[in-house]
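The structure appears right after this line, and notes come after that.
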Protein chains: 2
Amino acid sequence: MDARQILKDHITKSVELTDAQFDGFYACFKHESFKKGQMLIREGDAVTREYFVLSGCLKTYFLNDELRMTILQFAMPTWWASDYDALYNRHPAAVIVDCVANAEVLSISTDDRERICHEIEAIGHFFRWRTNRGYAASQRRLLSLMTNDTRKRYEDLLEQYPTLFQLVPKHLIASYLGVSRETLSRLYHSSR
Amino acid sequence: MDARQILKDHITKSVELTDAQFDGFYACFKHESFKKGQMLIREGDAVTREYFVLSGCLKTYFLNDELRMTILQFAMPTWWASDYDALYNRHPAAVIVDCVANAEVLSISTDDRERICHEIEAIGHFFRWRTNRGYAASQRRLLSLMTNDTRKRYEDLLEQYPTLFQLVPKHLIASYLGVSRETLSRLYHSSR
DNA sequence: GGTCTTATGTGACTTACATCACAATTTACG
DNA sequence: CGTAAATTGTGATGTAAGTCACATAAGACC
């Protein structure tokens, strides 16, 4: 399945567009390929684009003063990624986005996004819908982090994204869950 | 300052509207008053509205199986509140929204919001802008929760929202920070 | 296919915070 | 203004998870 079709399937889940409207939308995107380990966003970068994943997997992470990694999110196919704080508030990137595996992405700039939203209201609706869902997901994750113990959060992640455990090394999953790799190892083996 | 002017000041921070456009937008809202302790959203409710705070303070919280409270957010004047997961994903409320102090709010339904966004593109832009910022704030909070220790998170909150510490009992702030009220008390007294 | 790098597992020890119980202080209400 | 309720403070104790160090296994690369 090609890039255009993947995006079309994704967007038509929530809005109806004519072919001409979709063509106009698709024309805003740049198609890019990255190798495992390559960075799409470096700390300190001006962030003007967000990325829709076609294949592979990205991770968005923060490095603290001791260079300890904390993963904010993964992005599998049909997920979006950027440093959203930097993107929306127009300041330099504080997090890093790179490839856990070779990836192909479509990227769009904020200016193009706002222009096309202005021209085609259904695209505006799509982006409100998508950001609303992202916000709700983020709130659920916050809640889970504050109310569930380590084992529960691990089990919930395993149940909700089993493929993540195949795509991604466990020490990265530990970092996403906010636990040490030793703790994740212990949870993993006591649940089998 | 009256309700209409507060909302107008709020929205014109990010978009320009004609008076007629703003009138159309303002007409979508219902003006409501609540007493301290009153609930705007109960667990299990169908959620169809979100609330813009004019005065007072709200809290959004979750009760676990042991009826332990975890506060997801506060809402002071010019902040918005709802159960966003339930609102956007159309399922019953899993969290509760009530008043920490007597409050006046403007509320708008999702249907009215989407209709007015469709009619006036600038309103669509406003809501994308607002949800984008909310999403970025939520990501920052997630990051802080996972990378900073308890003292740092407490000190950051005190610096960023000093008035919250005047408006809200400390045991509620502890619940928002995800620590026990004893731990917050200890941090509070060792930082003076 | 061998070697180097990365990932994972495990045991021992440390620690930040929760919990519990009780006391003191502050706030709210009649 | 007095009393009851709510909030906050404090000491002692327990525990889940982190850290450290080392070993083993798996994966990547030449």
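A Cβ is built for glycine as well, from the same backbone N, Cα and C atoms used for every other residue.
Residues or ranges marked as domain 'Cyclic nucleotide-binding' by TrEMBL: A:34-116. When DSSP labels each residue, the domain 'Cyclic nucleotide-binding' (A:34-116) comes out as 13 helix, 42 strand, 28 coil, counted as helix, strand and coil in that order.
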- request: For the domain 'Cyclic nucleotide-binding' (A:34-116), provide the mean pLDDT of the predicted model.
  value: 94
